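Visitor: Shown below is the structure under consideration.
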Amino acid sequence: MIRRIIDKYKGSEFIKNVAVVMTGTAVSQLIAIAVTPILTRNYTPEDFGYYTTFIAIYTVLCSFATGKYERVILLSKNENDIVVVSSLGMAISIFFSTFLIILIYLSSLFFDLNSWGIDSLLMKWLYLIPFLLIIYAVNLIFLTFLNYKKNFKEISKSRVIKTFVSISVSLICIFFLKNMGGLILGELLGLLFSTIYLFPKLKFLFQFQNKITSQFSAVASRYKDFPLYNIPSDLLNNSSAQVPVFFLTPIYGVQATGQYSLMKRMLDAPVTLLSSSILEVFRQKASEQYIAFGDCRELFVKTARNLALISIVPFSVLMIFGTDIFAFIFGEEWREAGKFAGIFAVYYFFKFVSSPLSYMFYIAEKQKMDFLLHIYMFVSSLVIFYLPKLYSVSITETLWIYSINFVIIYLTYFILSYKYSKKC
């Protein structure tokens, strides 16, 4: 079915743009997957655990970068407005990062961060996060502008550069740092070089002359809903995704976090790539049918059936043989990551099937229900990972409960999406 849809739209600009972006994403993820067995044989589960904690903190803080004003670029009608919102977003990022340096320093003085899995070595690396956030803000603004200009080739190239540099630095650091620092530097320099590649062509977006800065207040007020609603929403989503990371280290140790991170790294990549590719085609066709007829249920059912057929075999194999597969590919010390993969096989199956189809929430304008489900995701995740603090619960039991909870969530998304695929 997917092939027929793609053939039908083969000549369209939409499909060409999707193909360009997805090619860059696919190349990036294939590079990362191919090199991971080398990384796992030279970096320990503890290294990956600390690196994952670093990335989790950084990811949550990214919710505040630019104040979400970069999203205004896609709505702008002239270049002056784009320059103003880009410069405003950059100014916010610099201010926030400066505040963050002070906050990290004070936290190291007055709080016992070691109880949350942040030891003295990781604490030193945390000072890189403010600088990483500034680079992230510049990169995000650049990519949003390229999207606005439909320059998807540059977006694709920048993603490949980021991954290539990141992996290369991590491999080189095997001979020098031999700890989590190699992975962290890879992330930093990958994003930096990706941004440097785009900077000469797009540096005009950042202007801080008086004629631009004098418009900051008016623009910030006009688009105040972007930080007011998008920051809390993104913060909730990002925090929900990182709950396991923040709790695994203090409860079960940093090695458990490293094992979990490898499992997530290897399963997220193909699932995200394939489901997002299918989403691009589904949402275009579903939106078209829903607007014209108020009904896209037949397309919904066909897409769901094909998603299930594509994924049922690999996830079944993973559930049964995950432990041995991970031990063989990544090394014997990563056997536990394979055990976790078996636990999460059903979780990822339902995620793969329901995620593209849940775009029905936006087509049918059911964002409020989507937001409520995200609140449940966050709260239930906190409760599940707080249980081991109260009771004697093993990591296997905790992850099973977490996985089953999300299976129920994705089933709920699927059932409601099916309901929304046809107007009552």
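Glycine too: its Cβ is placed from the backbone N, Cα and C atoms.
Automatic prediction, not curation, is the source of TrEMBL annotations.
Take a look at what TrEMBL says about it:
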type     : residues : note
TRANSMEM : 20-39    : transmembrane segment
TRANSMEM : 51-70    : transmembrane segment
TRANSMEM : 82-105   : transmembrane segment
TRANSMEM : 125-148  : transmembrane segment
TRANSMEM : 160-177  : transmembrane segment
TRANSMEM : 183-200  : transmembrane segment
TRANSMEM : 307-330  : transmembrane segment
TRANSMEM : 342-364  : transmembrane segment
TRANSMEM : 371-387  : transmembrane segment
TRANSMEM : 399-418  : transmembrane segment
Visitor: With Cβ distances under 8 Å as the criterion, find the stretch in 20-39, 51-70, 125-148, 183-200, 371-387 that has the most pairs with the transmembrane segment (82-105).
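Guide: Result: 125-148.
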Visitor: Six or more residues out from either end of the transmembrane segment (342-364), which same-chain residues have a Cβ under 8 Å from its Cβ atoms?
Guide: 263, 267, 271, 274-276, 278-279, 282-283, 286-287, 290, 296, 300, 303-304, 307-308, 310-312, 315-316, 318-320, 322-323, 370, 396, 399-400, 403, 406-407, 410-411, 413-414, 416-418, 420-421, 423
Visitor: Give residue numbers and ranges for long-range contacts of the transmembrane segment (371-387): same chain, 6 or more residues beyond its ends, CB-CB under 8 A.
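Guide: Here the qualifying positions are 233, 236-237, 239-240, 243-244, 246-248, 251, 393, 398, 401-402, 405-406, 409, 412-413.
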